[in-house]
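Trainee: Reproduced below are the annotations present in TrEMBL:
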SIGNAL    1-24  signal peptide
DOMAIN    33-134  domain 'SRCR'
DISULFID  CYS59-CYS123  disulfide bond
DISULFID  CYS72-CYS133  disulfide bond
DISULFID  CYS103-CYS113  disulfide bond
DOMAIN    164-275  domain 'SRCR'
DISULFID  CYS240-CYS250  disulfide bond
DOMAIN    299-398  domain 'SRCR'
DISULFID  CYS368-CYS378  disulfide bond
DOMAIN    408-517  domain 'SRCR'
DISULFID  CYS484-CYS494  disulfide bond
Amino acid sequence: MSAPLRLLLLCASSSLLILQAARADSSDPGFALRLSGEKRKQHEGRVEVLLNGEWGTVCDDDFSLAAAHVVCRGLGFTDAESWAPRAKFGQGQGRIWLDNVHCSGLEKSLLECESNGVGVSDCKHSEDVGVVCSQRRIAGFQFIRKTRNEFPGAVNVQVEDVRIRATYSHRKRVPITEGFLEVKDAGKWRQICDVDWTARNSRVICGMYGFPTEKRHNPKPYKLLSSRRKKNFWGHSVNCTGNEAGLSECKLGREVPLKGNSTCSKGGPVVVSCAPGRAFAPSVSAGFRKAYRLEQPLVRLRGGAKIGEGRVEVLKNGEWGTVCDDHWDLTAATVVCRELGFGSAKEALTGARMGQGMGPVHMNEVQCSGFEKSLTECRFNRESTDCSHEEDAAVRCHIPEMGFNKRLRLSGGRNPLEGRVEVLGQRNGSLVWGEVCSEGWGTMEAMVVCRQLGLGFASHAFQETWYWQSDTSANAVVMSGVKCSGAELTLDQCLHHGKHVACPRGGGRFAAGVSCALTAPDLVLNAAVVEQTTYLEDRPLYALQCALEENCLSSSVFSSQIHNNGQSDFRPLSGPQSWVWHECHRHFHSMEVFTHYDLLSLNGTKVAEGHKASFCLEDTQCDEGIQKRYECANFGQQGVTVGCWDLYRHDIDCQWIDITDLRPGDYIFQVVINPTFEVAESDYSNNVMKCKARYNGHRLWTYNCHIGNTHFHTFDSFTSLNYFCHFVFHY
């Protein structure tokens, strides 16, 4: 089994889970801290203090990052990232216990900091302070259960880990979906009595482990197995609602007396069984039949660097749109994650953290109960339309432990994000590390490698890796003929030669390599203006001398505004030393093929085709507040900055389609940017535009334009990329 998930199960009073730190000063055993309010992450929220048996808030007057450090360390985090004034996480209720708090940052408790005194405040709850803590936990941090009324006497409880312990028949499965649930208490693994256990408790456990839902199991073999094992039960039951992101958020139930086998006299150890998402099913046959299946593809993730994360997009009336981050929280994010076959949400991201989407914002102020099968079933504000794509919501989901990163590695690189690709392959009947043949190796294959290793996107794919020194024992080629679509989770899911390796140039210096990056650019097409600007023009051949030099006489080209909507700049793959100078327009070509323009028959046959070299990539215009970085003048650097666009006017050579010999009829007009995937992007689906076109011999219309994989009857109304097309005759 993989390493158990690290978490702390916190004990509570009769009704509420309390994050409570062990304090050097035990003179006030009634003091505790917690993070509450409109939280989007587990490590952020409104600061609340328990004093005299009553929860209250802290005023933001004079609060500082040093005070935030004290709070976060008191909650078991290593430090604070930031703090937030003016009730960012919502207004609290009850008393405002502390005001004008001054901390040096070295205090062990917030009560040790200077303040006006406990309960002395002139603030309102609109001034409640919040903090954002680091996600790193303090090693060995102990939480102490508050002991009052029904629990006389202080008891220290430290639950360090939670795991699903597979039985013999399930241990070799990947992922592990079923087994005894155990918690690690004071260094010892213990079972939980199943008398008070519910399916909602199992749902929380499954979500933590990356599974969308729980399922029934056969209890007979587990009863037989548990009867033969020594019992070691934990002293508490658990009560979850089913919507918690982890077991640490569940309330504690009754205490269980630890009296040998009579501890759980009416039951046995808890067994948890989870249904994996279809992408993580343990086997092709039985595993797929038992896997969670997505009924309708109404929601998708885009722009994420890793499996199970991305910008949330919703399909409505045949058109994909985004979700506004107003009120976006972990509950709604978890609905998305479970809907897509992942577990519960780790984070509900706001502020277009996974890049800005295009088209409409379909949902705003989303509110979910947590048990919806799809985000589209949640309530939202249908009237509010004031969201921009700067507020696009995103998620990070728990995924199962599949061991993907153990099947391949990068070797010899200057840093952990690059190197020669080495995989575990069969050689002489045993598993050995070896090279991947670089024949046909490209960006899509490199993308799969970076995703499998959890290193984000591919920035480069290398077919020669002689400059990277690596382990000589892994010099044999064990994989060849690799061809990926880009959607695979692992390299061995791509097409490849299997056992019969064939590599014409051999390995060594021609082994495959990659360079990975956590961010990538995203070029976006806009189809809307095409329908309004298509026209015919006669142009004499003597006026096409530059087009002849640019090698695009037969290409379909037109004015276009190419917008970089990603999270890093779009740069040509090759450096300036490889660019080609063209005297006609006095600029360098930095990419051999930047755009394909094709006129297709209705059955998909090309009737007019061509390509446009990149000409000069530069920032023609940018969104407000963004500075241009790339300019072609004076042989400058080429590229497109995030939030900027490159404009090609319709009167530039190669910005047209030659339809001299075209017969009247109905056609499909198609435009593809970055068609050979030469430069890595976070999303290639929005690089393709298709329109229906009708030509009557005198005039040509384009209509029903769409971006990506939507259907012809839809219309994508985007605003970041404009096309001004014209079709020309030669004479």
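Using the three backbone atoms N, Cα and C, a Cβ is placed for every residue, glycine included.
TrEMBL labels come from automatic prediction, so no person has curated them.
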Trainee: How big is the gap, in Å, between the Cα of CYS59 (disulfide bond) and that of CYS103 (disulfide bond), rounded to a whole number?
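Mentor: One finds 14 Å between the Cα atoms of these residues.
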Trainee: With Cβ distances under 8 Å as the criterion, find the stretch in 164-275, 299-398, 408-517 that has the most pairs with the domain 'SRCR' (33-134).
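Mentor: It is 299-398, which has the most Cβ pairs under 8 Å.
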Trainee: Which one is it, among the disulfide-bonded residues CYS113, CYS133, CYS368, CYS378, CYS494, that lies nearest to CYS240 (disulfide bond) by Cα separation?
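Mentor: Nearest by Cα distance to CYS240 (disulfide bond): CYS368.
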Trainee: Any idea what the Cα distance is from CYS250 (disulfide bond) over to CYS368 (disulfide bond), rounded to a whole Å?
Mentor: 19
Trainee: Please tell me which one of the disulfide-bonded residues listed here (CYS103, CYS113, CYS123, CYS378) sits closest to CYS484 (disulfide bond), measuring Cα to Cα?
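Mentor: So, spelling it out, the nearest of the disulfide-bonded residues is CYS378.
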Trainee: Restricting the comparison to the disulfide-bonded residues CYS72, CYS113, CYS133, which residue's C-alpha is spatially nearest the C-alpha of CYS123 (disulfide bond)?
Mentor: CYS113
Trainee: Name the one residue among CYS72, CYS103, CYS133, CYS494 whose Cα is closest in three-dimensional space to that of CYS368 (disulfide bond); these are the disulfide-bonded residues.
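Mentor: Comparing Cα positions, the closest of these disulfide-bonded residues turns out to be CYS133.
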Trainee: Return the count of C-beta atoms lying within 10 angstroms of the C-beta of CYS72 (disulfide bond), excluding that atom itself.
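Mentor: Summing over all protein chains shown, CYS72 (disulfide bond) has 26 other Cβ atoms within 10 Å.
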Trainee: Taking only the disulfide-bonded residues CYS72, CYS133, CYS378, CYS494, which one has a CA atom nearest to the CA atom of CYS113 (disulfide bond)?
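Mentor: Given the candidates CYS72, CYS133, CYS378, CYS494, the nearest one is CYS72.
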Trainee: When the Cα of CYS72 (disulfide bond) is compared with the Cα of each of the disulfide-bonded residues CYS103, CYS378, CYS494, which one is closest?
Mentor: CYS103
Trainee: Between the Cα atoms of CYS494 (disulfide bond) and CYS133 (disulfide bond), find the distance and write it as a whole number of Å.
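Mentor: Distance (Cα to Cα, whole Å): 40 Å.
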Trainee: CB neighbours of CYS113 (disulfide bond) within 10 A?
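Mentor: Within a 10 Å radius of the Cβ of CYS113 (disulfide bond) lie 21 other Cβ atoms.
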Trainee: Could you give me the DSSP helix, strand and coil counts for the domain 'SRCR' (299-398)?
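Mentor: Its residues fall into 16 helix, 33 strand, 51 coil.
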Trainee: For the C-alpha pair, I'd like the distance in angstrom between CYS133 (disulfide bond) and CYS378 (disulfide bond), rounded off.
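Mentor: CYS133 (disulfide bond) and CYS378 (disulfide bond) have their Cα atoms 29 Å apart.
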